[in-house]
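The 1D-myo-inositol 1,3,4-trisphosphate binding site annotation in TrEMBL covers Lys46, Lys87, His183, Lys215, Asn312, Gly316. Look at TrEMBL and you will find Arg122, Lys172, 204-215, Ser230 tagged as ATP binding site. Residues or ranges marked as Mg(2+) 1 binding site in TrEMBL: Asp295, Asp310. Residues or ranges marked as Mg(2+) 2 binding site in TrEMBL: Asp310, Asn312. Positions annotated as domain 'ATP-grasp' by TrEMBL: 133-345.
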Amino acid sequence: MRLKEETEYEEEKREESMVAQKYSIGGGFPQPTKAVVVGYALTSKKTKSFLQPKLEGLARNKGITFVAIDPNRPLSEQGPFDIVLHKLSGNEWRQILEDYRQTHPEVTVLDPPDAIQHVYNRQFMLQDVADLNLSDAYGTVGVPRQLVIKKDASSIPDAVNRDGLKLPLVAKPLVVDGSAKSHELSLAYDQYSLQILEPPLVVQEFVNHGGVLFKVYIVGEAIKVVRRFSLPDVSKRELSTNAGVFRFPRVSCAAASADDADLDPGVAELPPRPLLERLARELRRRLGLRLFNLDMIREHGTRDRYYVIDINYFPGYGKMPEYEHIFTDFILGLVQSKYKKRTAKPVEEPV
Ligand SMILES: O=P(O)(O)O[C@@H]1[C@@H](OP(=O)(O)O)[C@H](OP(=O)(O)O)[C@H](O)[C@H](OP(=O)(O)O)[C@H]1OP(=O)(O)O
Ligand SMILES: Nc1ncnc2c1ncn2[C@@H]1O[C@H](COP(=O)(O)OP(=O)(O)O)[C@@H](O)[C@H]1O
Ligand SMILES: [Mg+2]
Ligand SMILES: [Mg+2]
């Protein structure tokens, strides 16, 4: 509220300085004087890969502490938390989080359980990318054509013929549930061999991309992109001389970084930054998520035709360069914007 004799500019400056006192704004991001408490509910594998000493150390210096959440105890009895980070499976846990969000609106729960659930199903995962239909001077971003097979595997050949899907095809389990099985991929040179697979699954056109994919990590407004080795191209000759289905367990996780590899420049070139920024901004909004990554490929032989083939919630950030700086800045940014909202001037209702 403006004090007597104070101009709007002076009022703004005074409010900024109040925020600065609480968070002692120095260079870069504000340093909280009061500790920011981040509760985390993660698997032990995730805790190990995410909560590395370099993250905890930097966080401590910036006034952020990470506290483990016990999912078997009432959430309200733990904390208090400023932020809750989570990636645990199960309907029961989802309900606990939803209830907690209702009763503790002051806590930022990253991210909303319903929004996460949406990307755990490959039928819906890429829908927002398709709807976005992104096309500008920097390129186009689409998704490979796919069909969903819920029950009967014997219906696959007819469904593939009816929809005119082009060979080769990849089949992926419909639901991503964190299990190794949900990452088992099958590459088929003909539609008939897919009948040996167990639905529910999606059958997707395989897009040649020079054997390299781009992992686009998103943390709030920050974006980092790295190269990873991927499945090699399938040539026309290979397609005509081969038949059958090849299974690949956990292709993407097993894949090594391709950042230092000696690659054909046309394959190695990263997607243009403005295109990634627009894509990330739109998807953040449409998906309602702040922590995710995209697997993106560029059709081999083109300069600007991109496809998103996978979206992962709270991926392996430990593999993202400088993640400790990006993540701690993100947390401080969240706290600061929450504080600013709380101290924002109430809008006067017209009489
Ligand atoms: O295990 P990591 O650290 O490689 O992370 C996995 C991700 O790898 P990425 O960061 O994209 O290389 C991985 O990404 P991909 O699906 O392999 O592209 C998944 O996000 C996986 O989670 P979930 O098994 O689907 O629940 C992630 O597994 P969790 O760590 O969440 O169990
Ligand atoms: N449509 C596709 N075209 C080309 N390669 C693909 C396609 N879909 C998946 N792949 C390859 O298979 C890997 C695993 O598929 P992905 O959809 O990312 O599943 P996961 O969730 O298990 O990582 C990708 O990283 C990529 O190497
Ligand atoms: Mg993937
Ligand atoms: Mg995935």
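Every residue gets a Cβ built from N, Cα and C, even glycine.
TrEMBL does not curate its annotations; it predicts them automatically.
Annotated features taken from TrEMBL, shown on the structure.
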residue: Lys46; record: 1D-myo-inositol 1,3,4-trisphosphate binding site; CB count, 10 Å: 21
residue: His183; record: 1D-myo-inositol 1,3,4-trisphosphate binding site; CB count, 10 Å: 19
residue: Gln204; record: ATP binding site; CB count, 10 Å: 21
residue: Phe206; record: ATP binding site; CB count, 10 Å: 20
residue: Val212; record: ATP binding site; CB count, 10 Å: 22
residue: Phe214; record: ATP binding site; CB count, 10 Å: 23
residue: Lys215; record: 1D-myo-inositol 1,3,4-trisphosphate binding site; CB count, 10 Å: 22
residue: Asp295; record: Mg(2+) 1 binding site; CB count, 10 Å: 18
residue: Asp310; record: Mg(2+) 1 binding site; CB count, 10 Å: 20
residue: Gly316; record: 1D-myo-inositol 1,3,4-trisphosphate binding site; CB count, 10 Å: 16
Across all protein chains shown, the one of the binding-site residues Lys87, Arg122 with the most other Cβ atoms within 10 Å of its Cβ is Arg122
Give the subset of the binding-site residues Lys87, Gln204, Asp295, Asp310, Asn312, Gly316 lying near ligand 4, defined as CB under 6 A from any of its atoms.
Asp310, Asn312
How many Å lie between the Cα of Asp295 (Mg(2+) 1 binding site) and the Cα of Lys215 (1D-myo-inositol 1,3,4-trisphosphate binding site)?
5
Neighbour count, 10 Å Cβ-Cβ cut-off, for Gly210 (ATP binding site): what number do you get?
18
Taking the Cβ of Asn208 (ATP binding site) as the centre, count every other Cβ atom within 10 Å, in any protein chain shown.
15
Largest C-alpha distance in Å for the 1D-myo-inositol 1,3,4-trisphosphate site residues Lys46, Lys87, His183, Lys215, Asn312, Gly316, as a whole number, is 20
What's the CA to CA span in angstrom from His183 (1D-myo-inositol 1,3,4-trisphosphate binding site) over to Asp310 (Mg(2+) 1 binding site)?
11
